[in-house]
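Peer 1: First, the structure itself, so that you have it in front of you.
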Amino acid sequence: MPTALLESEYSLDRLCFPPRAPQRRQLTNSTSYTYILFKRRHLTHLHFCSQSPATKFAESMGFINEDLSTNVSQALHSDWLARNCQPNYWKNVIPDSSKYCGPYKPPTILKRDGIAYKDPAHSYSHDTIGMVVIHKMGNIAAGTSTNGIKFKIPGRIGDSPIPGSGAYADDMVGAAAATGDGDILMRFVPSYQAVEYMRRGENPTTACEKVISRIQKYFPKFFGAVICANVTGSYGAACNKLSTFTQFQFMVYNPLKSEPTEEKVDCI
């Protein structure tokens, strides 16, 4: 999505857990110009990059530097500027971020504010692509790809590329992927927690519901959903019920189906 710059920039976050054990996972983190695939053959440790360092690393690995902006994203950014950069995610800065565009600077004395969470975009839709795949040989993979929130602060990394938050997979158990309010979800590593519930014997649906219920205790009005699948091929999903978000749709494909089909679950 366009980031909160006076000049439009498009960025993506991605994550991939490939087959085999969790320690052999791959992390993909996308930047404004290109995306990078971090593989074991290139790195000896799990690595996060953002913005310029990520672009430089991608170019050194042979990826082509290309602009991901589209006419649609540029139009969104122009409209955002025309509305004095509203909405945005800045606070406790000058000039007043609720009325003006930046650049912003911290005031001399910051006023303390409440802890209440509010999504400035007021959007209960999701653009995150989360996938859980079980190979016929039993290998399991999970991955995510997302634009993130519109008009995010440059450099912001959401929950999608965070292992255990956006997605998690374990060949011995199953896998899960999540979508929603990333700034809340990443505090609870929902995908990892769902896999751990399945490890304890819970079916995928119950595992997903327990994850949602756990977050509800602290953020009852959060926007989010989780999909789960175990090693037997059973799957499920759950979401947090809001007045504007009562069902969650997801696609399912397996050898018993001639083509992918849409399924729905009622939010809890």
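Just so it is clear, glycine is given a Cβ too, placed from its N, Cα and C backbone atoms.
What TrEMBL lists as active site, nucleophile is Thr128. For Arg156, Ile157, Gly158, Asp159, Thr179, Gly180, Asp181, Gly182, the entry in TrEMBL reads substrate binding site.
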Peer 1: For Thr128 (active site, nucleophile), list the number of other Cβ atoms lying within 10 Å of its Cβ atom.
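Peer 2: So the number of other Cβ atoms within 10 Å of Thr128 (active site, nucleophile) is 21.
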Peer 1: Have a look around Gly182 (substrate binding site) and count the other CB atoms within 10 A of its CB, chains all included.
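Peer 2: A count of 25.
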Peer 1: Tell me, in order along the sequence, which binding-site residues from Ile157, Gly158, Thr179 have their CA within 10 Å of the residue listed as 'active site, nucleophile'.
Peer 2: Thr179
Peer 1: For Asp159, Asp181, listed as binding-site residues, tell me which one has the smallest number of other Cβ atoms within 10 Å.
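Peer 2: Among the binding-site residues Asp159, Asp181, the sparsest Cβ neighbourhood within 10 Å belongs to Asp181.
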